[in-house]
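As recorded in TrEMBL, the features of this protein are as follows:
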type	residues	note
DOMAIN	74-404	domain 'FAD/NAD(P)-binding'
DISULFID	CYS111-CYS116	disulfide bond
BINDING	LYS120, GLY186, THR210, GLY211, SER212, ASP389, MET395, LEU396, ALA397, HIS398	FAD binding site
BINDING	GLY247, SER248, GLY249, TYR250, ILE251, GLY252, LEU253, GLU254, GLU270, GLY343	NAD(+) binding site
DOMAIN	423-534	domain 'Pyridine nucleotide-disulphide oxidoreductase dimerisation'
ACT_SITE	HIS525	active site, proton acceptor
Amino acid sequence: MQSSISLTLSSSCYPIVGRSEVHVSNSSRREAMFGSAHLLVLQSKSRSKRFGSRIIAGLSSGNGSVESKGIFDYDVVIIGAGVGGHGAALHAVHKGLKTAIIEGDVIGGTCVNRGCVPSKALLAVSGRMRELQNQHHFKSFGIQVTAASYNRQEVADHASNLASKIRNNLTNSLKSLGVDILTGVGTILEPQKVKYGTTVITATDVIIATGSIPAVPKGIEVDGKTVITSDHALKLEFVPEWIAIVGSGYIGLEFSDVYSALGSEVTFIEALDQLMPGFDPEIGKLAQRVLINPRKIDYHTGVFASKVTPAKDGKPVTIEMIDAKTKEPKETLEVDAALIATGRAPFTQGLGLENINVQTQRGFVPVDERMRVLDANGGLVPHLYCIGDANGKMMLAHAASAQGISVVEQLSGNDHVLNHLSVPAACFTHPEISMVGYTEPQAREKAEKEGFEISVAKTSFKANTKALAENEGEGLAKLLYRPDNGEILGVHIFGMHAADLIHEASNAIAMGSRIQDIKFAVHAHPTLSEVLDELFKSAKVAVLTLQLASRTFQISDKR
């Protein structure tokens, strides 16, 4: 269990811009998003007077603002040293803020130690195994391979070693920049005052970044051996012959890829009526046809695992299922192991939220669009922010980091609101799944409410030279957009390296680019990036507007 809390305090000894709604241009958003040092040059004279001396001092002398000395111990204290807290800390130092980070467990949080990092190590192994087991695939290249095998302990060590390496890298990066790493559980005593261990420190601003833990529904007994969460599964202490996975979201789907490649039979138990309920339905159906149906994977949908009992005294794991709607008893499964992949719950234990009149909502810390914490009456808690899984806005490691950077921008006097619709997500199965923006049902609902039409464009990996050269033509890219103005509403990709390809679309959404802006971009040939090139080119926008000097021409798009 993650027992750490990490705080970031940022000194507001100067006036803060952006405490109310402010329109920010695309160019301003670009500078704020990437935190470029060039921002110093772009500041107005008035802003330079207010913020410039502090920022320059910080950039030249590492961690520490002279203005916090004698007033607060730190400019920023961050509770939790996961990916979100780490990203906020690095950006705070870049902005010249004296920064400390409080961690009660280990640097790196869930992602590095019990999440996305070690899971990618296991998925790298499953990908190699799956490829080596596909003799037909190799035969198409003219290659003959013998039967593949693996050493379970060495696979587990690969995941553990990767986590250790990344954890050390993060720790060293904080130390090299002079961030004070404070060990202990962080508790907020009052605004701008935090306790860790027996020590009390003050900060101009505090950032909560405590992350999340695996969510385990009632009736499920986790013993860490035969009934496990993702925390246990990543240790790969054994590979069961038959494992049930409760939940078919990102976590469950990735582990089904790992276990089935290593020889396990897998059974999904999903409460909703379809597998992969969080994905775009069309992409989900294609993924099921490729990732589920041909493999040793079966499933039960529309049922709850009402009771899960670990293996004991020679008896197998038992899973009692009930109908998700009627709650009538269904069949009982007996399996070798069960993985509980029913999502994650925010970790806010010991934060001291009661000291500042903050009530969690379904466990999450309530925040506004600028990640400012709200009290029980809906008012702002002064100088307190919450980022990442603990606020529930988007439970992804890179979203937490982006939220942290956005907060630091605000503390530095630059109003910034993160566009969560531009944050991509990926599932690292083989092939991969990625997405950004709305799913098709979400986009159609939005269009109906706001009174506009949407269009859908699709391209197949089967038409891509690089994919065919790799014999990886199974895949689809899908674009949801407004045909009247070219706004990109969502992009979904299933296929080889989908997790890498999605960023062209996510960056376009983040920068406010329209289809007519990017459809003339040039992509190297032959590359997988041409999948998106063809996708954008196939979109039919009613009117293209080209700004040439001071004149505007409107031409019909005949494509």
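Placement of Cβ uses the backbone N, Cα and C atoms for every residue, glycine included.
All annotation found in TrEMBL is predicted automatically rather than curated by experts.
Mapped onto this structure are the features recorded in TrEMBL.
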{"residue": "CYS116", "record": "disulfide bond", "Cβ neighbours (10 Å)": "19"}
{"residue": "LYS120", "record": "FAD binding site", "Cβ neighbours (10 Å)": "17"}
{"residue": "THR210", "record": "FAD binding site", "Cβ neighbours (10 Å)": "37"}
{"residue": "SER212", "record": "FAD binding site", "Cβ neighbours (10 Å)": "24"}
{"residue": "GLY247", "record": "NAD(+) binding site", "Cβ neighbours (10 Å)": "23"}
{"residue": "GLY249", "record": "NAD(+) binding site", "Cβ neighbours (10 Å)": "17"}
{"residue": "ILE251", "record": "NAD(+) binding site", "Cβ neighbours (10 Å)": "23"}
{"residue": "LEU253", "record": "NAD(+) binding site", "Cβ neighbours (10 Å)": "26"}
{"residue": "MET395", "record": "FAD binding site", "Cβ neighbours (10 Å)": "20"}
{"residue": "ALA397", "record": "FAD binding site", "Cβ neighbours (10 Å)": "23"}
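Within 8 A of the CB centroid of the NAD(+) site residues GLY247, SER248, GLY249, TYR250, ILE251, GLY252, LEU253, GLU254, GLU270, GLY343, the other residues of that chain are ILE245, PHE255, MET276, ALA341. All protein chains included, CYS111 (disulfide bond) registers 25 other Cβ atoms within 10 Å of its own Cβ. Counting residue by residue with DSSP, the domain 'Pyridine nucleotide-disulphide oxidoreductase dimerisation' (423-534) contains 41 helix, 29 strand, 42 coil. Sequence-distant contacts (6 or more apart, same chain, Cβ under 8 Å) of GLU270 (NAD(+) binding site) comprise GLY247, SER248, PRO277, TYR299, HIS300, THR301, GLY302, VAL303. Within the same chain, residues at least six positions away from the residue listed as 'active site, proton acceptor' with a Cβ under 8 Å of its Cβ are THR465. Over the domain 'Pyridine nucleotide-disulphide oxidoreductase dimerisation' (423-534), the average per-residue pLDDT in this prediction is 97. Annotated pair MET395 (FAD binding site) and CYS111 (disulfide bond), C-alpha to C-alpha distance, rounded: 11 Å. Within the set LYS120, GLY186, THR210, GLY211, SER212, ASP389, MET395, LEU396, ALA397, HIS398 that the record links to FAD, no two Cα atoms are more than 30 Å apart, and one pair reaches that distance.
Taking Cα separation as the measure, ILE251 (NAD(+) binding site) is nearest to CYS116 of the recorded positions CYS111, CYS116, THR210, ALA397.
Taking the Cα of THR210 (FAD binding site) as the reference point, the closest of the recorded positions CYS111, CYS116, GLY249, LEU253 is CYS111.
Using CYS111 (disulfide bond) as the reference Cα, a 10 A cut-off selects ALA397 from the binding-site residues GLY249, LEU253, ALA397.
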